[in-house]
Amino acid sequence: MIYQSPTIQVELLEDNIAKLCFNAPGSVNKFDRETLASLDAALDSIKQDSNIKALVLTSSKDTFIVGADITEFLGLFAQDDAVLLSWVEQANAVFNKLEDLPFPTASAIKGFALGGGCETILATDFRVADTTAKIGLPETKLGIIPGFGGTVRLPRVIGADNALEWITTGKDQRAEDALKVGAVDAVVAPQALEAAAIQMLKDAVAEKLDWQARRNRKLSALTLPKLEAMMSFTTAKGMVFAVAGKHYPAPMAAVSVIEQASTKGRAEALQIEHQAFIKLAKTDVAKALIGIFLNDQFVKGKAKKAGKLAKEVNNAAVLGAGIMGGGIAYQSASKGTPIVMKDIAQPALDLGLNEAAKLLSAQVARGRSTPEKMAKVLNNITPSLDYAAIKHSDVVVEAVVEHPKIKAQVLAEVEGYVSEDAIIASNTSTISINLLAKSMKKPERFCGMHFFNPVHKMPLVEVIRGEHSSEETIASVVAYASKMGKTPIVVNDCPGFFVNRVLFPYFAGFNGLLAEGGDFAAIDKVMEKQFGWPMGPAYLLDVVGLDTGHHAQAVMAEGFPDRMGKSGTDAIDVMFENKRLGQKNGKGFYVYSVDSRGKPKKDVDPTSYGLLKDAFGELKAFEADDIIARTMIPMIIETVRCLEEGIVASPAEADMGLVYGLGFPPFRGGVFRYLDTMGVANFVALADKYAHLGGLYQVTDAMRTLAANNGSYYQA
């Protein structure tokens, strides 16, 4: 053994080829500080052994290296610039040491080689992947750029245009696609991986492959003609800004870094990367996006832990077909759990099956599935008009019409057809789980399971704990949601649960602006372009449906009359009473037509303005800051109330619920990250300026205490 540490082992193989194996404790290899230090020491040992003729990098895991240890980032990025620069320079010295070894090097890549893992393989002369490999630099998704030489080496390996696409999108690349652009030199079967990499090194040692020429290309400036370079980078800037926009600076910074470094050798090019990396690491956007990543890991970790208490779900059922039932059936079947789709009407079953078939056909058309896989998924969906079909179901999801009496009746019926230990969950967005549980003989086997529409696109599922729901019931539904590919958060029962409870105060703020003459299209523009929502409140209400919004608003008013009670007609009432239901009937705040791609196209409609003018008077202009404050303050305070009341267990789960359930702007990180960035004391001072608008604008006593103590919701 040439070198050994808890994360890396180096041994000498035959023909004097050294094998460096990444072998960290745990299921995957990460580039944490310990691994980086071990790699540095291992390379020193390798350099000192004069017998070594070549080096192959391997992994003992199913993956190569998944990237840096992101749990270290927030603490590290909070350090002074000088400390951060020192860390980046030391890390890059290790990668340079690997690249400068006096003999050929190769990487044997299986599974993920992402971020620092990708930058590791780029520092070797040859790269061999097996068919499971996925390679990429996802750093821009975290608000930063690659910091271990990725922006320098990748363009010199695969060309500037390809590198710009890889780095600015942050997408993983399959082995076959990486081979096409030259990121890897060969793709082989998993069992042949190490042997293929070693053979490539033998050929290099025998001078059949010119490893030094490859290395020199990475050490030199890009060989791009001046005009071609100008066109390439100008085009990239336009395309990247069109996608990333002003709120996400990292992709544009990546283009700029690659452009500036294109005429430099390695040392100068790396300095350009270092400076841009440090600048981005200090941004609120990076803190927010890294926070989302860590929160996502936290939520998934909780779900995995809950799985230990879960009843195994081998068969499922959904009651109520149509679009929602069909979406749930598709999601379950496509992730491997057979499901019965039960309804009382054949047309509804046909609609549900058609919905599943449509979603699968779209997957086939995009090349993400095959006709054979589509047939297998459809065979996992069993439509039925008979309750007898659900008798072997481990979990039954009730998804009938959103009416308490109808749901209660169906739930009571279901218990008579399933086994004693079957779990029943209601897909409801507003109806109390405790209320529905009153119709159940075994309320401990019952909880809520709130899917968001469209089911196949929305990652969040709210699992609602009723006062009688058992831990096994909650754990089993959490595990089933995870198995379906969803991110579950557990919330306690209350009107609107978590997501809708915090959404409707936002709509109340919007209604308040319109009642004073606000222009709904102008408000949407501010909330989309400046705050960063994917849809402004008027557009969102049109998509949700004004009938749904009207009903849910009434539920919230009844549940929280002190804050959400209504004293008169509001804009949602005006639209609903004039049968303007939104996209579903082609007219709401906006009017809708179908564009050339078959997608809904919205236009401003004078009729809407006329109805609102009759109700509230002439239009009045509001400043953007005023619009943001009046809509967001109620949502933020209600989110804090949910945490204080234990409706949601942690800031991390609340923020993931907002990002995944409502599309809260990821670059702001969620309500609690937004509060911490703004400063709780600053928010309290802002809210107090609007306190005259009513209960929704009154901060809690606990918020005032936190503000007075200069506290925050996140510890890092």
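Count begins at 1; order follows the chain as displayed.
Note: Cβ is positioned from N, Cα and C throughout, glycine not excepted.
Per Swiss-Prot, these features apply:
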type	residues	note
ACT_SITE	His450	active site, for 3-hydroxyacyl-CoA dehydrogenase activity
BINDING	Asp296, Asn500, Tyr660	substrate binding site
BINDING	Met324, Asp343, Val400, Val401, Glu402, Lys407, Ser429, Asn453	NAD(+) binding site
REGION	1-189	region 'Enoyl-CoA hydratase/isomerase'
REGION	311-716	region '3-hydroxyacyl-CoA dehydrogenase'
SITE	Glu119	site 'Important for catalytic activity'
SITE	Glu139	site 'Important for catalytic activity'
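Note on Glu119 (site 'Important for catalytic activity'): other Cβ atoms within 10 Å of its Cβ, all shown chains, come to 28.
Sequence-distant neighbours of Met324 (NAD(+) binding site) (same chain, 6+ residues apart, CB-CB distance under 8 A): Ala399, Asn427, Phe451, Asn453, Val455. Among the recorded positions Glu139, Asp296, His450, Asn500, the ones whose Cα sits within 10 Å of the Cα of Ser429 (NAD(+) binding site) are His450, Asn500. For Asn500 (substrate binding site), the same-chain residues that are 6 or more apart in sequence and have a Cβ closer than 8 Å to its Cβ are Ser429, Thr430, Ala552, Met556. For the region '3-hydroxyacyl-CoA dehydrogenase' (311-716), the model's pLDDT averages out at 95. The Cβ of Asp343 (NAD(+) binding site) lies under 8 Å from the Cβ of Leu319, Gly320, Ala321, Gly322, Gly325, Leu349, Gly352, Pro383, Leu385, each on the same chain and at least six residues away in sequence. Looking at the residues that bind NAD(+) per the record, Met324, Asp343, Val400, Val401, Glu402, Lys407, Ser429, Asn453, the two CA atoms farthest apart are separated by 20 Å. Within the same chain, the residues at least 6 positions away from Val401 (NAD(+) binding site) whose Cβ sits under 8 Å from its Cβ are Gly320, Lys407, listed in sequence order. Glu139 (site 'Important for catalytic activity') sits 43 Å from Val400 (NAD(+) binding site), taking the C-alpha atoms as the reference points. On the backbone, the CA of Tyr660 (substrate binding site) and the CA of Val400 (NAD(+) binding site) stand 24 Å apart. Under the DSSP three-state reduction, Asn500 (substrate binding site) is assigned to helix. Ranked by CA distance from Glu402 (NAD(+) binding site), the recorded positions Glu119, Asp296, His450 have His450 at the top as the closest.
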